[in-house]
Amino acid sequence: MVETLESIISFIVVFGALVFFHELGHLLLAKRAGILCREFAIGFGPKVFSFKKNETVYTIRLLPLGGFVRMAGEDPETIELKRGQVVGLLLDESGQVEKIVLNHKDDYPNIRVVEVEEADLEHGMYVTGYTDGERFERFTVKEPAFFVVDRQEIQIAPYHRQFAAKTLGQRTMTILAGPLANFLLSLVVFIIIGLLQGYPVDKPVIGELTPEGAARAAGLKQGDKVIAINGERMETWTEIVNTIRAHPGEPLQFQIERNGKERSVTVTPEAKTVQGETIGLIGVYQPMEKSVLGSIKQGLVETYYWTREIVTGLGQLITGQFQLDMLSGPVGIAVSTGKVAESGIYYLMKWGAILSINLGIVNLLPLPALDGGRLLFFAIEAVRGKPVDRQKEGMVHFIGFALLMLLMLVVTWNDIQKFFL
C-alpha cells in the first residue's frame, strides 16, 4: 500500500512537472504573440485549485493526465450578443463600456439597460441598441472589457487578440513551443545531474568500487590509473571494460599508477552469465568528473542519445517490430516511476528527463489532437495559401482525440493486466 502510494506521488510530481513546462512553452509564446490566454491548466476534469493573475486563470485539475492552455478564439463556448437581447452595460467615466452584464443586472445600481440592435466585439468594438425602450444609442467597448455571466467575468477578446488572427509563423511557434520546452527541460535536467553528481568520462581510471567486488578484494582503489592489463596498454575506460568482460574467472595483471607510483595488482573477474553470455565483472564503476562545460556537453549528448532511441522505438512500433501490448500508459509509467524513485533522486531526475523527451516527440507526431497534428494543418495552410476550414479541422481533431482516448484505454487495460492481475 505504501509503495503504491509512493508510486502515485512520484508519478504525479514527475508527470506534473513535464506537463507544466510543456504548457508553459505554449503560454509564453502565445502571450509573446499577443494572444489572450484565458486559462493555464494542469490536469483535466474538475478544478482543485485556481487563481487569476492578469488575464489568465491558473488551475490545477483533478485528473493528472495532461494539461492545456485555453486561448481566445479556441473557446468552445463563445458568447455572442444577438439582436433583441437585453443586456446591462457598465460604463467608465468616459462613457465607454467596461462590462456587459448578461444576467443579475439588479446587482449593479448604475447599469444602463440596452436592447441590442447590433454588436461587433471583434473588429469595430461597439454595441448599438435602444435604452428606455425607444432611444437609440451607440456605445464604444473599451479594451479590456468583460462579459459578466452568473457574476463571473469573462474577458472579451477582440479579433487581434485571438489565435486565428496571428501570422502563420506566430501560430506555428506557439504550438511548437510546447514540445521544444520538453527538449529544453531534458537538456537542463541532464546538465544539472552532471553538475551535482558528475558525468562519466572515458578515461582509464578506476571509479567507485562495490563493497564486495573482486576489485576491492584485490586492493584496487578509486582513482587508480590503469596503465596496462596483462601487458596490453589501456587508453580508455571502454578498453578496460572490454578486457575484463572477455576474461571471466581468469586472473588479470593490472599495472596501475597510484600517488605517482606504479604497482602491479592481480584481479580475478567474477564470471557471470548475462543474456546467455558469460562475462567477467570486478565491481567497479566508470570514473566521473564535474565541470560546467563538461556537464553541458554531456547534457547535449544524453538529450541526443535518448531522442534517437525514442524515435527508433517509435519507428519499430510503426513498422510492426513492437506490439501494442509492449506500450505503457499512465499506469505503467506510474509503476516504473515508483521503482525508479526507490533508486534515488538522480535516477528519478534522469527518468523524468527521458519521459520529457518522450512527451515532446509524441506531441510532434502528425496525429489529430496532438501538437504535430496542428502543425500539419499549418503546413497545409502554407502550401494552399489559406487556412483549412476551422469546423473541418475541429472535427478531425475531435475524431483524433476520441481515437487517442480509445488507445489510452487499451494501453491502460494492458498495464492493469501486466502489473495487477
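Even glycines carry a Cβ here, placed using N, Cα and C.
Feature annotations, courtesy of Swiss-Prot:
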ACT_SITE  GLU23  active site
BINDING   HIS22, HIS26  Zn(2+) binding site
DOMAIN    186-271  domain 'PDZ'
TRANSMEM  8-28  transmembrane segment
TRANSMEM  175-195  transmembrane segment
TRANSMEM  345-365  transmembrane segment
TRANSMEM  393-413  transmembrane segment
Give the nonlocal contacts of the transmembrane segment (345-365) in its own chain as ranges (CB under 8 Å, at least six residues past its ends).
10, 14-15, 17-19, 21-22, 178-183, 185-186, 189-190, 192-193, 196-197, 302-303, 306-307, 310-311, 314, 333, 336-337, 371-373, 375
Kindly state the mean pLDDT of the domain 'PDZ' (186-271) in the predicted structure.
94
List the same-chain residues at least 6 positions away in sequence whose Cβ sits under 8 Å from the Cβ of HIS22 (Zn(2+) binding site), in sequence order, or say none.
GLY67, GLY178, PRO179, ALA181, ASN182, LEU359, GLY360, ASN363
The domain 'PDZ' (186-271): DSSP-derived helix, strand, coil residue counts:
26 helix, 27 strand, 33 coil
I want to check the contact list for HIS26 (Zn(2+) binding site): same chain, sequence separation of six or more, C-beta distance under 8 angstroms. What comes out?
VAL69, THR174, ILE175, ALA177, GLY178, ALA181
10 Å Cβ neighbour count around the residue listed as 'active site'?
20
